[in-house]
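See structure below.
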Amino acid sequence: MTRPVPASAGARCVAAAQAGPRPAAAPAVAAGQRLLEWLFFASVILAVMPFGAVHTVPLGLSALCTCLILVLSLGRPVSNPAVGRLLLDAALVAAVLVGLLVLQRIPAQSLLAVDPAGNRLSQDFGVVRPTISINSEATAWSLVPLVAPILSFVAALIVFGSDRAAFRLARFLRVFGLSVVVFGLAQFLLVPNTILIFEKWTYLGSLTATFVNRNSAATFLGLVALIWFGQFLGTTRKLDWGDLAERTCSFQWRGDDAVADTLRAACAAMLSLVALFLSASRGGLIATAIGFLVVFAVMGVRTQNRDVGPNWRSIVGYGSIVTGFILFGGLALQRLNEHGADDSRFCTYWSTLSAVGDNWLFGTGFGTFADIFPLYRDVACAGIEGVWDRAHNSYLEATLGLGVSFLAILLLVLWRLVSMFRRGVGWRHRQRHLVATGLGALVLVATHAGVDFSIQIHGVAMYAASILAMASVVALGRGESSCGTESKNKSDVPGK
């Protein structure tokens, strides 16, 4: 049954929006562009697959791919001026951080005259090298893990600086993330006490996929679930609910219509959530739930002349998300019910705050937490055993290492990203789900960083940076036309 052709221009605009975009043949990707894209994909894979690149070789290879992309991209024009400005801002942040770490390794006796950490070390161990960092070698080694994800963000903005390229990056992140999820589930069900091909030595009974720590795995799995959830919400907006029953009856799993896209995205999101629940990470579960709520809330924002009142679909959606996490997050919720909040971590936080209070101006040197924490460790804390080389709070650890300058950089970066995503939500409509995914990923990572160190794992940081870069390109993309749909420019994909 064919639909009548609307007579007025306004009606034709509405009909075109309801009918969905027209498919367009994608032009061939240039060989140089394809090479840069595959190098970027390799940098992400190398970061995630071998234990999250916690060892020197995979970390170095991943960073080498990123640097090679930047070198090969020298002189490459950026078609979107807004993306170019964001690129310069990110490069400036990386340069400032490098400068801070270099400054911390330069002998500065006059600055250290009032440095409590330096004075305590001198009293306990004799004369030490007069640098801000109490362990300049550790600070030097921490440079690559700190700056590489930011440079990867810059590289992604250069290589995937158009809508079409950003869609390819989003597709890779979804497919690669789902591959890790499927591998993790198969490994957990068939050989639960192994990581890759090695015997698991910790977190037995928890799904960790390719990571060692279940909290790092939970952050990654939460990001995968989030990007597929955003894709699911994006495809549901393209469904023609009038003939949905008829199209569902003729559904083909490998079809190329909105029904097939929606069901594939739903299944992928559910698989990712199952893997997340099996990780038994309390922080990962809560952070992912908050990220889901943010994505759903952003997708429910109404713009232009639409009503902004509450609707039952939003209420049901919020309720379904919360209910789903409560019902299926059994392992993590059971740990939360049995153990509550981790008292040893909170006791560590107080000890770390004491160290920050004594070294708030210059810090003790980035990457020196394991060196400075024993001087402030509270012996009365129950549960603090062994060597604590992480603060289990990325904000506290970074502030202790870099001083108050880190907080200023953090606030500026968050303000820049949130304001950009907020504007992107207003002028992107068919691709709003990608912008919402970026904002949800930022919230997820920022939330979990407050109770763990998963963002300090290179594989997690690289995957998160890739999602943020993809969403940033889309958020800074095309605006509105008179019909209320997105206008076209050279970086656009017709009908996407």
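Keep in mind that glycine also has a Cβ here, set from the backbone N, Cα and C atoms.
As the structure is a computational prediction, the values presented were derived from the model and not from experiment.
As annotated by TrEMBL, domain 'O-antigen ligase-related' applies to 268-404. The transmembrane segment annotation in TrEMBL covers 35-51, 86-106, 140-160, 172-198, 218-237, 284-303, 315-333, 398-421, 433-451, 457-477.
Contact between the transmembrane segment (140-160) and the transmembrane segment (35-51) is supported: at least 3 Cβ pairs lie under 8 Å, counting only residues 6 or more apart in sequence. Just going by CB pairs under 8 A, the stretch in 86-106, 172-198, 218-237, 284-303, 398-421 that sits most against the transmembrane segment (433-451) is 284-303. The recorded stretches the transmembrane segment (86-106) and the transmembrane segment (398-421) share 3+ CB pairs below 8 A when only pairs 6 or more apart in sequence are counted, and are therefore in contact. Within its own chain, the transmembrane segment (172-198) has Cβ neighbours under 8 Å at 41, 44-45, 48-51, 204-205, 207-212, 217, 220-221, 223-224, 227-228, 231, 268, 271-272, 274-275, 278, 463, 466-467, 470, counting only residues six or more beyond its boundaries.
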